[in-house]
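Features of the protein shown, as given by Swiss-Prot:
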BINDING   GLY79, 82-83, THR87, 89-92, 107-115, SER119  5-phospho-alpha-D-ribose 1-diphosphate binding site
BINDING   GLY79, ASN110  anthranilate 1 binding site
BINDING   SER91, GLU225  Mg(2+) 1 binding site
BINDING   ARG165  anthranilate 2 binding site
BINDING   ASP224, GLU225  Mg(2+) 2 binding site
Amino acid sequence: MNTLLQTIADGDPLSRPEAEEAMATMMSGSARDEHIAALLMGLRTRGETLDELVGFTKTMREFAVSVETDDPQTIDLCGTGGDGASTFNISTTASFIAAGAGATVAKHGNRSVSSQSGSADVLEALGVQIDLEKEGVEHCLHEAGIAFLFAPFFHPAMRHVMPVRKALGVRTFFNILGPLCNPAGVTRQIVGAFDTSTAQTMVRILAELDADHVITLHADDGLDEVSISASTTLFEYDASDQNPVPRSHEVGPERHDLDRASISTLEGGTAQQNASILRNILSGEDQGPRRDVALLNAAYALHVSDQYADLDACLEAAAESIDSGAALDALNTLASVSKEAKSE
């Protein structure tokens, strides 16, 4: 580790193998806290290179508890958090809509970062058993077509760096890595970022690590979701393209014939309040902006699953998922199956 720290102190980049070595040293518990702090702050000050981030991500994935899925088109919707907007749980709601439309969803998440209610918090309030280990999650994926992968259970090696991260109290490259390290090994993702530059970096990392179809994004109103209150910058990588490279484009709700709405209409609250909002959307009771933003994010998730012809078809499928009751069924089934898995 001393040699790697000297390289950083000299202002030189780590090679990809050196980044892998540094991460393996941290994840195995072999690094001293002061060395971890020096590495994190040295790279934060200088700025990480793509090779460094790819090496870190690759190794963090190797240290995760692996979850098997039968469906190679399994998707995930997650984000870095930290957008400070305190919206309801948009990507979690969209996950159930996507599952109701036929996608297999391995939802990777944690407790709250910047709001009162993270994905784990709202799912717990909805009666989903979140503290499932590998076998329980695999059971949910097989029986319900959707599962929640509670990050602390699947990234146990992170305990070696958590005290330093908490003590530093600033964003580091670990804030970027988490959403890129789904334990189910998904190659199809929607990943929201806390700024546009980070979204662009994340798509390049995923492209280097054999993604099939991914979109990273950041909205002009600050959301790490596809927004209906502002335009959203998307960075898309599709390995099936004739010339597969990350491409960027901007979308507003008008592109999908949806009305713009103030970001205040998307405001959430406590886990219990967000659970009520989510259930009202899935039941079809809420026909307003919250439904629209959930549909939009579900549509882009279905888009990266490549199960529908185009985005318009994805949006129609998302609406049908709610209107047919399939999205609500996906929630109720996960709640039931997750409890079965916990009791086994």
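Heads up, residue numbers simply count up from 1 along the chain you see.
Positions of Cβ are set from backbone N, Cα and C atoms, glycine also.
Fair warning: this is a prediction, and the values are worked out from it, not measured in the lab.
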Other CB atoms, at most 10 A from the CB of GLY79 (5-phospho-alpha-D-ribose 1-diphosphate binding site): 25
Write down the Cα-Cα distance for GLU225 (Mg(2+) 1 binding site) and HIS108 (5-phospho-alpha-D-ribose 1-diphosphate binding site), rounded and given in Å. 15
Greatest C-beta neighbour count within 10 angstroms, which of the binding-site residues HIS108, ARG111: HIS108
Binding-site residues GLY79, SER91, ARG165, ASP224, GLU225 vs ASN110 (anthranilate 1 binding site), shortest C-alpha separation belongs to GLY79
Three states by DSSP: which one describes GLY79 (5-phospho-alpha-D-ribose 1-diphosphate binding site)? strand
Return only the integer: C-alpha distance in Å from ASP224 (Mg(2+) 2 binding site) to ARG165 (anthranilate 2 binding site). 22
So which one is it: of the binding-site residues THR87, SER91, ASN110, which has the fewest other Cβ atoms within 10 Å? ASN110
Using a 10 Å radius around each Cβ and all protein chains in view, which of these binding-site residues has the most neighbours: ARG165, ASP224, GLU225? ASP224
Express the distance between the Cα positions of ARG111 (5-phospho-alpha-D-ribose 1-diphosphate binding site) and the residue listed as 'anthranilate 2 binding site' as a whole number of Å. 16
When you rank THR87, SER91, ARG165 by Cα distance to GLU225 (Mg(2+) 1 binding site), which of the binding-site residues ends up on top as the closest? SER91
Measuring Cα to Cα, how many Å separate THR87 (5-phospho-alpha-D-ribose 1-diphosphate binding site) from ARG165 (anthranilate 2 binding site)? 25
Round to a whole number and give the Cα-to-Cα distance in Å for the pair SER91 (5-phospho-alpha-D-ribose 1-diphosphate binding site) and the residue listed as 'anthranilate 2 binding site'. 26
Structural state of GLU225 (Mg(2+) 1 binding site), classified by DSSP into three states: coil
